[in-house]
Amino acid sequence: MQICKKNVFLLYYGVLVFLSFQVSSSTDTISTNQPLSGFETIVSSGDIFELGLFTPTPDTYDHRNYYIGMWYRHVSPQTIVWVANRESPLGGDASTYLLKILDGNLILHDNISATRKSHTEGTSRRSPQKISEGNLLFHETVWSTGVNSSMSKDVQAVLFDSGNLVLRDGPNSSAAVLWQSFDHPSDTWLPGGKIRLGSQLFTSWESLIDPSPGRYSLEFDPKLHSLVTVWNRSKSYWSSGPLYDWLQSFKGFPELQGTKLSFTLNMDESYITFSVDPQSRYRLVMGVSGQFMLQVWHVDLQSWRVILSQPDNRCDVYNSCGSFGICNENREPPPCRCVPGFKREFSQGSDDSNDYSGGCKRETYLHCYKRNDEFLPIENMKLATDPTTASVLTSGTFRTCASRCVADCSCQAYANDGNKCLVWTKDAFNLQQLDANKGHTFFLRLASSNISTANNRKTEHSKGKSIVLPLVLASLVATAACFVGLYCCISSRIRRKKKQRDEKHSRELLEGGLIDDAGENMCYLNLHDIMVATNSFSRKKKLGEGGFGPVYKGKLPNGMEVAIKRLSKKSSQGLTEFKNEVVLIIKLQHKNLVRLLGYCVEGDEKLLIYEYMSNKSLDGLLFDSLKSRELDWETRMKIVNGTTRGLQYLHEYSRLRIIHRDLKASNILLDDEMNPKISDFGTARIFGCKQIDDSTQRIVGTFGYMSPEYALGGVISEKSDIYSFGVLLLEIISGKKATRFVHNDQKHSLIAYEWESWCETKGVSIIDEPMCCSYSLEEAMRCIHIALLCVQDHPKDRPMISQIVYMLSNDNTLPIPKQPTFSNVLNGDQQLDYVFSINEATQTELEAR
């Protein structure tokens, strides 16, 4: 009987919980008797918008701030469209927060216990309210709608499907509107929202994780009857022009053809609004980058797509690089850098390497009174004639302009613009770098220590030593003559022994079973034939420079065109790597692997003869602004699929399981039909059939392409190549080079840049512009998704190459990638080759045998 009663009680309790959940999850109203507490939310009647407590940093456990905000209910990741308490974030325990109707206002309260109060600062807005269970509670108003009190007891706050939160004087739809969120926007303009001309503005977030008001805003200029974007409430840098003409221009966008997006300008009631098809989702956002963007939600792709951004050039955003910062749109992100002699000054609380809002400050202070300052010319600059920072002298030649600045210690810089002389007596803002032979020369005042005076010192030094030099030379001639003969004898003997040793190694190579005459059309060429084929390694025959030496184009006596790789004497690749590359390519035969035709080991020279690839390496096309236009979407996918097939052969289907270890764009060669072929096997490793991973003392490869476990711990596996392939795939889709991100300047790596873009727009913004409209957006998004799966930190999280081949050829659902660790890289394609000990145990590298 007791068990039966217990079951009935549990059933009754469960029904009550279910019914209460249904009520709380379906309500769209906050009333006097129905406040919102903790993480409770209200949802618009059409299940479109949701309002409640959120945090922009859900992954942070310490110092987490909370805000009352509104977001799309079925959009992921969470997209915030309105924030109530932008300037008053909530901290501490979220369960103490209460959003309720009080005295005709919607008010956000923070009920703080006496214990918690003792650890908080400032009590000016808190007062004892009541004693509950022995704890004294303090009551704080964090945010309020701030309207005149209403005598009605039926005041309600209702969330509508338009995204408008309305405070009205009663439950009926005809009740008077006391306040609405559309009149107090944050950074987002939603369909149906009205911009009251001359009073309302949209202000960007301070950063992607900080909703507080930022530096940029969208306002209405009543004098020009146009929308303008403004920096720091003081400097406008973009204008729509006459509003009517600007609104009409939207009809010309191909992405908007067939939609019902329309703008309405009502000058009588002084507002502007826009409407869309109820089934679609559009929004206009004032972004943290200072760009005003029109975005549409793609249901199939589950991402926001930017249709329009104004201004479309990041460098047109006023002061995007701060004081004495130079903006260059053609530069790899970030587009900002400091002028010479200056260093970046971080904004308070910011450690973002892309953030130049704090501007740049001098490395060495000026000492004008000592006449120790000089002027450094910076060419091809677009100058901003801001009247607050630059004085315009309407007359005077270039020499006059320079002399005026030199004589004035407050002059920071000058420039001559035709007949005008520009003089900066304060900080210089909005400097832009243009293409060669464009713009003007900007003369920057620097301390002498920041400008090289090596030539002057060299001249003075040469004068001082002109008397001593003949005496020194005379005393050294006799000694030098004695040493020359001795040196020639010793060096000749060393060269002779080295040649004998190398020829012995060469014979070992030929006789040791690595290469046999039954090989795949392999042949040995003597050095003389190769010299003839390359015209003595002429510059005109040079195709490029690889990690281990230059590559030349040659023509054999039988008329065949070949590519000849000449191992550099300074290269870290020795005879071991040379043997490795020869044996691997001989034993590996696949249409997506480069074919080795011959070799030469003679004296100091080690050469490999490959089949000639008319389109050279992928990096020569991909990272060239003009040549990249040849790589349309179909061609890029052909390269991606061919590379995966070649890599799958190495990992799974070849006689030897091979880990390449240096997969990158410069090691992907393209034939005349753009078929990719993987090359450069000098650093490859042979794995046993059942071997999963290996360790090495010697880390070889290229910064930016190496997996974390390999670069930091020397652990090699198939997943090391998968990581490199992920970076290569990101490069192919974005057209950006992984090794352009400099570690010393603390710039983001390519992976960090791609990850942030993927989080914001599912990666749409990173797709290479030269592809124009040739690409399939869905395929591009899928490739970016696959690439991010490949560059995950842990090898076990990365897919196998066979899984990648399947992902690229199917449209099955992909797993969600984990955020990778953002690593920085060295400047340029720098080969890494160093030795370290793992757990103090000596490891040796396997050689091909």
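Yeah, the Cβs are placed from backbone N, Cα and C, and that goes for glycine too.
Cβ-based neighbour count (10 Å, all protein chains) for L543 (ATP binding site) stands at 19. Per Swiss-Prot, ATP binding site is recorded for L543, G544, E545, G546, G547, F548, G549, P550, V551, K565, and the stated evidence type is sequence analysis.
According to Swiss-Prot, the domain 'Bulb-type lectin' annotation covers 27-180.
Residue counts for the domain 'EGF-like' (311-348) by DSSP state, with H, G and I taken as helix and E and B as strand, are 3 helix, 9 strand, 26 coil. Per Swiss-Prot, the feature domain 'EGF-like' maps to 311-348.
What Swiss-Prot records for 537-822 is domain 'Protein kinase', and it gives sequence analysis as the kind of evidence.
The N-linked glycosylation site feature in Swiss-Prot is assigned to N111 (among others); the stated evidence is sequence analysis.
Annotated N-linked glycosylation site per Swiss-Prot: N148 (among others), in sequence order. Taking a C-beta cut-off of under 8 Å and a sequence gap of six or more, N148 (N-linked glycosylation site) has these contacts in its own chain: G104.
Taking the Cβ of N172 (N-linked glycosylation site) as centre and 10 Å as the limit, one finds 10 other Cβ atoms among all the protein chains shown. Annotation comment: Swiss-Prot describes N172 (among others) as N-linked glycosylation site, evidence class sequence analysis.
A coil conformation is recorded for N232 (N-linked glycosylation site) in the three-state DSSP classification, outside any helix or strand. Sequence-distant contacts of N232 (N-linked glycosylation site), defined as residues of its own chain at least six apart whose C-beta falls under 8 angstroms from its C-beta, comprise R215, N319. According to Swiss-Prot, the N-linked glycosylation site annotation covers N232 (among others), on the basis of sequence analysis.
Taken from Swiss-Prot, the feature N-linked glycosylation site applies to N450 (among others), supported by sequence analysis. Counting only same-chain residues six or more apart in sequence, the Cβ atoms lying under 8 angstroms from the Cβ of N450 (N-linked glycosylation site) belong to P340, G341, E363, T364, L376.
Per Swiss-Prot, the feature phosphoserine maps to S571 (among others).
In the structure as shown, the Cβ atom of S666 (phosphoserine) sits within 10 Å of 23 other Cβ atoms. Residues annotated as phosphoserine in Swiss-Prot, with similarity to another entry given as evidence: S666 (among others).
There are 27 other CB atoms within 10 A of the CB of S679 (phosphoserine), with all protein chains counted. Here Swiss-Prot flags S679 (among others) as phosphoserine.
Per Swiss-Prot, phosphothreonine is recorded for T696 (among others), and the stated evidence type is similarity to another entry.
Annotated phosphoserine per Swiss-Prot: S837 (among others), in sequence order.
Marked as phosphothreonine by Swiss-Prot: T844 (among others).
Taken from Swiss-Prot, the feature region 'CaM-binding' applies to 626-643. Taken together, the residues in the region 'CaM-binding' (626-643) have a mean pLDDT of 91 on the 0 to 100 scale.
DSSP assigns N172 (N-linked glycosylation site) to coil in the three-state reduction, placing it in neither a helix nor a strand. Remote same-chain residues near the domain 'EGF-like' (311-348) are listed as 216, 229, 231-232, 235-238, 289-291, 354-364, 376, 378, 381, 384, 427-433, 435, 444, 446-447, 450-451, 625, 736-737, 740-741, 745, 747-748, 753 (criterion: CB distance under 8 Å, separation of at least six residues from the stretch ends).
Non-local neighbourhood of E545 (ATP binding site): V551, each in the same chain, at least six residues away, with C-beta under 8 Å from its C-beta. Ranking the recorded positions N172, L543, G549, S679 by the distance of their Cα atoms from the Cα of S666 (phosphoserine) places S679 first. According to its DSSP assignment, S679 (phosphoserine) is coil.
The candidate set comprises the binding-site residues G549, V551. Of these, V551 has the most other Cβ atoms within 10 Å. In terms of DSSP secondary structure, the region 'CaM-binding' (626-643) contains 15 helix, 0 strand, 3 coil. Note on proximity: of the recorded positions L543, G549, S679, the one nearest N172 (N-linked glycosylation site) is S679, by Cα distance. Note: the Cα of L543 (ATP binding site) and the Cα of S679 (phosphoserine) are spaced 15 Å from each other.
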